[in-house]
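Pulled from TrEMBL:
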| type | residues | note |
| --- | --- | --- |
| ACT_SITE | Asp213 | active site, proton donor/acceptor |
| BINDING | Glu32, Asn165, Asp213 | divalent metal cation binding site |
| BINDING | Arg117, Asn119, Asp137 | substrate binding site |
| DOMAIN | 30-272 | domain 'SMP-30/Gluconolactonase/LRE-like region' |
Amino acid sequence: MCGLCRTLGGVGSRKKTYRAQVASREAYILGEGPVWDGPTGRVVWVDIQAGLVLEGALRSDGVEPVRGHSLPGTVGAAVPASDGGLLVAARDGLATISPDGRLDLGPRLLPGGADSRFNDGACDPAGRFLVGSLSLDGRRSDERLYRLESDGSVRVLADRVTLSNGLGWSPDGRTMYHVDSVPGTVWSAAYDPVTGEVGERRTLLSIADGLPDGLCVDVEGNLWIAIWGGGEVRRYTPRGELIATVAVPAPHTTSVAFVGEGRDRLLITTARDGLSEADLDAHPESGRLFLADVPTMGVPTPRWAGDTATPPWRA
């Protein structure tokens, strides 16, 4: 292990604990959605409340932002596209950012009048983009998980959601994981990586101490889940057994991704949003990026199969 993380579990301890270290000079209001883009060797993440999409270079001691893109309103997620650009989940629709930085805003996709916005999103093993919505009042359970179709429309894959969050797939692509943060639920469902069809969902985890947020999956099939309000990332087996934690010196841990050429470094986003002045005084590194080295590697991160030159809403 390098200095970014050290094992704290004692000899014979079944549950390992690692420590993450600060990886950015900048602190974000609501950092979220880290993604590793292997072909370009870049990291992509967002600041939801600031409406920012960021691209950065991974260094030995952290992440250096190299380019930022500002959108009107909030930004839920951004994923690399097949041509090297980005597909973005904006407040109530989608957008693309071309490799040279040109922004193309698509039409509104969420129902008119809904007090909702898009939140976390990810690409399935075939490069289809899935994105969920959240209730801005945090109480309604009529939000949904959507998939972007080739004609620019979105198809509902799951309903009865309150705050759609992290998405991930098992190494063989045949199980999808989906977080609904407010009830503390992590769902699993059978998934056809060829057709994109989703089976009936079942409850894998019910988390009461903190809210499950973003997640990623390692090559062994284990889930790494950021815990909002818990100041940590937890590693669960596909059966729901807690086997490791990563301690983060920021209470609002928001999301996590495996980054680097070997996909063997854990990048963690955090938030300042929702913290009091006293909380921020006690946890001054809140909102920064963090890195930890862990003894596994992540599954490859697919790019969106579309391209920014011809987004679906322009076809």
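Even glycines carry a Cβ here, placed using N, Cα and C.
Across the structure, Arg117 (substrate binding site) and the residue listed as 'active site, proton donor/acceptor' place their CA atoms 16 angstrom apart. A gap of 11 Å separates the Cα atoms of Asp213 (active site, proton donor/acceptor) and Asn119 (substrate binding site). A sphere of 10 angstroms centred on the C-beta of Asp213 (active site, proton donor/acceptor) encloses 27 other C-beta atoms. Rounded to a whole value, the Cα-Cα separation of Glu32 (divalent metal cation binding site) and Asn119 (substrate binding site) is 10 Å. In the predicted model, the domain 'SMP-30/Gluconolactonase/LRE-like region' (30-272) shows an average pLDDT of 96.
Neighbouring residues of the recorded substrate site, listed in sequence order and excluding Arg117, Asn119, Asp137, comprise Asp115, Ser116, Ser133, Leu134, Ser135, Leu136, Gly138, Glu143, Leu163 (Cβ within 8 Å of the Cβ centroid). Ranking the binding-site residues Glu32, Asp137 by C-beta neighbours within 10 Å puts Glu32 at the top. Residue pair Asp137 (substrate binding site) / Asn165 (divalent metal cation binding site) shows a Cα separation of 15 Å. Reported as a whole number, the C-alpha separation between Asn119 (substrate binding site) and Asn165 (divalent metal cation binding site) equals 7 Å. Within 8 A of the CB centroid of the divalent metal cation site residues Glu32, Asn165, Asp213, the other residues of that chain are Gly33, Asn119, Asp120, Gly166, Val179, Ser181, Gly214, Ala226, Trp228, Thr254, Ser255.
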